[in-house]
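Report on the following structure.
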């Protein structure tokens with residue numbers, strides 16, 4: 001069994017924020033893969049289903065970003081899951097817009113959602129890091145992640161979500177590098193990434 005966590009803040013005013021791309025991915029994942037309706041539990045919302053023959057629970061913490069770890073800990077404890085069974089999808093300012101990286105463990109790059117999860121369950125869970133770009137100065141980061149994606153960004157955001165959802169079976173199967181490559185190829189094919197460095201076109 002796998003626990004797939006999408007990070008974000010609850011409420012309509014945060015719905016389109018860069019910080020909420022984890023929620024966006026899970027919403028589309030549940031829709032496309034025919035998961036159960038969302039229900040409230042583990043201090044969040046969950047949907048149950050399967051991807052590639054593997055049982056998967058999707059979790060959107062409703063604790064607000066800074067306390068995401070409480071919901072993850074509750075779910076992991078209930079299902080008796082270890083860190084290798086947990087994958088967290090989140091925005092990443094240290095990556096250019098439209099770039100994706102998968103890694104296990106490592107630093108949190110100032111992400112408060114990851115900080116909370118690491119404090120509650122440990123650090124060695126898988127992260128799907130979705131680049132949203134850096135605003136250029138530290139004092140601008142808060143406003144950057146809590147603002148909606150610009151209209152000009154929406155096409156790549158939609159393409160990114162579609163590619164992640166389409167190739168989710170590879171992620172669930174632990175084939176991280178293949179998953180990462182498939183997502184980047186999908187974005188390149190639509191003209192959103194430069195072929196050389198993977199930055200947004």
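Placed from the backbone N, Cα and C atoms, the Cβ positions cover glycine too.
Pulled from Swiss-Prot, these are the features on record:
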type: ACT_SITE; residues: 19; note: active site, proton acceptor
type: BINDING; residues: 14, 64, 66, 112; note: tRNA binding site
type: SITE; residues: 9; note: site 'Discriminates between blocked and unblocked aminoacyl-tRNA'
type: SITE; residues: 91; note: site 'Stabilizes the basic form of H active site to accept a proton'
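Residue 64 (tRNA binding site) sits 15 Å from residue 91 (site 'Stabilizes the basic form of H active site to accept a proton'), taking the CA atoms of both as reference points. Note: the CA-CA distance between residue 9 (site 'Discriminates between blocked and unblocked aminoacyl-tRNA') and residue 66 (tRNA binding site) rounds to 9 Å.
Across the residues annotated as binding tRNA (14, 64, 66, 112), the two Cα atoms farthest apart lie 16 Å from each other.
Annotated pair residue 91 (site 'Stabilizes the basic form of H active site to accept a proton') and residue 112 (tRNA binding site), C-alpha to C-alpha distance, rounded: 11 Å.
Taken residue by residue with DSSP, residue 91 (site 'Stabilizes the basic form of H active site to accept a proton') is part of a strand. Long-range C-beta contacts of residue 112 (tRNA binding site), restricted to its own chain and to partners at least six residues apart, with a cutoff below 8 Å, comprise 65, 66. Other Cβ atoms within 10 Å of the Cβ of residue 91 (site 'Stabilizes the basic form of H active site to accept a proton'), summed over all protein chains shown, number 24. The Cβ centroid of 14, 64, 66, 112 marks the tRNA site; residues of that chain outside this set whose Cβ lies within 8 Å of it are 9, 19, 63, 65, 67, 68, 113, given in sequence order.
In the structure as shown, the Cβ atom of residue 19 (active site, proton acceptor) sits within 10 Å of 23 other Cβ atoms.
Look at the Cβ of each of the recorded positions 9, 66 and count the other Cβ atoms within 10 Å; the largest number goes with 9.
Residue 14 (tRNA binding site) counts 16 other C-beta atoms within 10 Å of its own C-beta, drawing on all protein chains shown.
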